[in-house]
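Pulled from TrEMBL:
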BINDING   290, 300, 316, 317, 318, 319, 335, 349, 353  CTP binding site
DOMAIN    6-180  domain 'Flavoprotein'
DOMAIN    197-407  domain 'DNA/pantothenate metabolism flavoprotein C-terminal'
REGION    1-201  region 'Phosphopantothenoylcysteine decarboxylase'
REGION    202-413  region 'Phosphopantothenate--cysteine ligase'
Ligand SMILES: Cc1cc2nc3c(=O)[nH]c(=O)nc-3n(C[C@H](O)[C@H](O)[C@H](O)COP(=O)(O)O)c2cc1C
């Protein structure tokens with residue numbers, strides 16, 4: 001977009017990165033843009049109104065209620081701001097303001113104008129904060145809501161932060177922000193957009209499987225099913241018809257989801273095969289047992305020797321089975337749980353099993369992997385695009401993952 005004569009609302013919040021904003025205003029003005037600064041009250045403690053108004057050649061707008069009403073427009077400035085703008089850029093966006101915007105609070109000029117912005121105008125949000133704040137469940141939930149509702153959220157960069165620690169949370173430099181603004185179209189799709197998953201039929205496997213040794217013992221793993229259930233919840237909210245095939249877990253059935261409870265990998269395989277033809281997307285999030293005891297003993301196996309050998313045989317590879325027969329329009333997605341940071345294993349799985357997307361899942365036993373509520377995922381699609389997600393709650397990770405699945409559907413159109 002050529003910025004000449006474009007009307008840009010620039011919202012500034014009380015983050016340390018506000019020190020970069022005077023330089024951003026200068027660059028935008030140099031390109032011929034008209035810039036109106038909407039600063040939160042707290043932001044004016046980080047950068048002075050005098051600097052901002054001198055550079056933008058406009059007053060700085062903070063309060064909805066001006067000191068005096070000299071013209072008729074002053075009464076409804078928060079509305080005329082939204083009408084005036086071709087684009088709304090919020091940089092830096094603090095955790096506090098992000099929460100307000102996602103909740104629809106409009107108690108200052110920045111947040112009120114966000115709501116009055118005409119529906120087809122772009123909204124760019126540049127979160128900037130400490131790494132722990134950025135990856136917190138609430139900030140991620142609020143950002144996911146904003147991006148689902150017509151905002152473009154530009155993820156902060158990783159590196160050294162104002163706190164002196166390293167992490168993800170640094171706002172891009174003013175030059176990079178200008179480039180992003182320039183590549184943004186002045187009008188965007190009317191919001192909220194319809195999900196590409198609307199009416200799609202999705203089969204998701206979740207949880208562990210149990211492979212019986214005898215009537216009272218089994219081989220299994222620590223999978224809780226949380227990631228698969230989070231995906232089912234998010235997909236159903238996007239209007240998909242979701243069938244969740246799950247091993248034994250202690251989780252309630254997400255609203256609007258058809259649930260099939262199974263126990264062994266073979267049972268899961270059979271249940272999934274029922275949907276081979278009808279489903280559009282298959283997501284293998286279950287931690288299926290690769291092997292099962294060759295012989296199942298009825299009753300209870302006696303302990304009459306010091307050691308015991310159990311012969312194991314391979315279980316069916318459910319994901320590979322689906323991929324092998326999948327039609328052109330169908331999408332296969334798998335998870336690759338690795339204890340060591342080896343992305344190549346995940347890439348190999350993507351290729352070997354002919355997947356469209358693989359979620360490489362690091363297992364550290366604390367924040368990522370089985371049982372816990374958070375996950376660190378790196379997603380690799382069939383075009384070898386790599387998306388590194390930060391530490392996120394499993395529901396946020398599911399949202400991000402489905403956003404990428406929707407992009408995959410778009411790219412294949
Ligand atoms: C020195 C200092 C630096 C801060 N930096 C940030 C920041 O980078 N990001 C953030 O979200 N909050 C930051 N905060 C906290 C916000 O200033 C605080 O939440 C404030 O209420 C946000 O107000 P606003 O959203 O109305 O601008 C910082 C606070 C201080 C004291």
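Quick reminder: no glycine exception, Cβ is built from N, Cα and C everywhere.
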Assigned element (helix, strand, coil) containing residue 335 (CTP binding site), judged by DSSP: strand
Protein Cβ atoms within 10 Å of residue 290 (CTP binding site), excluding its own: 14
Same chain, 6+ residues apart, C-beta under 8 Å of the C-beta of residue 335 (CTP binding site), given in sequence order: 227, 284, 285, 358, 359, 361
Other CB atoms within 10 A, centred on residue 353 (CTP binding site): 19
Three-state secondary structure, which DSSP defines for residue 318 (CTP binding site): helix
For residue 318 (CTP binding site), nearby residues of its own chain (Cβ under 8 Å, 6 or more apart in sequence): 205, 265, 268, 269, 272, 284, 286, 288
Local confidence of the region 'Phosphopantothenoylcysteine decarboxylase' (1-201) - pLDDT mean: 89
